[in-house]
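**Student:** Sharing a structure below in structure tokens format, with a few things to ask.
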């Protein structure tokens, strides 16, 4: 287990480290080592990129099941991730950004899904250590998310963006070394069936199928690059394309399950119950992932990050460090909230109510910023952005793990694997939506900034309100399945 948990922790360390400084690299002045894009284009690209990451997570699971097997997919993803970070570090300009971001998205998606798959397959069903493994796994993700922005944020300010991206590559290389070292020691203790499940694809598609898949992927990438370079598809429109693609995939998946004559009536009812919960989760992620877009810009431009102000003027913390607040609060709050839920027992809120409440709280996070919108640059108290991330984290702990549970509780027997893809699709759609929304965020216009945060916050709260009105209907649809 240390091998699998370790490589995912290192991957999150490198991934979040890179993501924390990417927006600043995109809109930073060329003289400061940046690309010099408009902030609206930079935040739009972060939304499109984040959506691509989650789509690649689904694709990575498919590749592991049908082509390479989980372990080979994991290792291939880690190597592609290293290549992506190195490309961002060594290849200057737009070419490095385009190639590097695609490689990082593909590598991260492949690694993340494979790590989860391996973690579930190595332990025997019913092994009491299985739940502990996933707790350590989640803990490692948040530790990586905490430390990554701290390291790359400091390095990018002190030495430049290229050094920050290089550090992300080194972290992933360290993860690969850690994996191989532990793998040799632990593989001998794996059961034979577990080793086969990890090393071999469960439903191989054959050489012809592989060729068709590779040609299709290459054609899609070539078409997107060609349209972007030619100007037919402007950069700031990329999240709109990703939003349309992810929504189409969502509609197709829901329609396939609802219209399938082989699933039972009770199962179809539970699928219908997930639709409003899916919408609530999308609304949540549309705010959560603005941490890498509009909120990242706000932290950079508006927030006074001076620490220890005095006669010497104090020290200004890197803007990227704000992105470590979410994992800090997650690590501090996850156990107390879990203990509270256990203490409440049957009085604890059920899945739909938790997700709706979490979405509403996250909407309120954006309203915290409204009184401080349009302030003179770097005069907003640091406590404001801390409060924003605290509210987002409280919402996340009611939406993210509960949404994952809902995707298993409500799944029809025939679609258990594909149903779990809906969890990642909520992230893909929500992140693309965050990119589309962020094109309306302009820190140079105080009035527009206020309207932006107010509109997004009220919009998400309104979604939660509609879902709350549908709560009796949702619960009736869930009847016959698990409610908690």
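Note that Cβ sites are derived from N, Cα and C of the backbone, with glycine treated the same way.
No curator has checked TrEMBL annotations; they are predicted automatically.
As listed in TrEMBL for this protein:
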TRANSMEM  12-30  transmembrane segment
TRANSMEM  42-62  transmembrane segment
TRANSMEM  136-157  transmembrane segment
TRANSMEM  163-181  transmembrane segment
TRANSMEM  210-235  transmembrane segment
TRANSMEM  241-259  transmembrane segment
TRANSMEM  271-288  transmembrane segment
TRANSMEM  320-340  transmembrane segment
TRANSMEM  352-374  transmembrane segment
TRANSMEM  380-399  transmembrane segment
TRANSMEM  420-439  transmembrane segment
TRANSMEM  451-474  transmembrane segment
**Student:** The transmembrane segment (241-259) vs the transmembrane segment (420-439): three or more C-beta pairs under 8 Å (separation of 6 or more)?
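**Tutor:** Stretch pair touches.
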**Student:** Which sequence positions outside the transmembrane segment (210-235), separated from its termini by at least 6 residues, show Cβ-Cβ distances below 8 Å to it?
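**Tutor:** 37, 41, 44-45, 67, 98, 102, 241.
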**Student:** Near the transmembrane segment (380-399), which same-chain residues lie under 8 Å Cβ to Cβ, leaving out any that are not at least 6 residues past its ends?
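**Tutor:** Same-chain residues near the transmembrane segment (380-399) but 6 or more away: 280-281, 284, 287-288, 291, 295, 298-299, 302-305, 322, 325-326, 329-330, 333-334, 337, 354-355, 357-362, 364-366, 368-369, 372.
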**Student:** Do the transmembrane segment (451-474) and the transmembrane segment (271-288) share at least 3 Cβ pairs closer than 8 Å, excluding pairs fewer than 6 residues apart in sequence?
**Tutor:** yes
**Student:** Rank 42-62, 136-157, 271-288, 320-340, 352-374 by Cβ pairs under 8 Å to the transmembrane segment (420-439) and hand me the top one.
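**Tutor:** Out of the listed stretches, 42-62 contacts the transmembrane segment (420-439) most.
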**Student:** Using a Cβ cut-off under 8 Å, which residues of the same chain at least 6 positions beyond either end of the transmembrane segment (163-181) come close to it?
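**Tutor:** Long-range Cβ neighbours of the transmembrane segment (163-181): 3-4, 6-7, 9-11, 13-15, 17-18, 21, 75, 78-79, 81-82, 85-86, 88-90, 100, 148, 151-153, 155-156.
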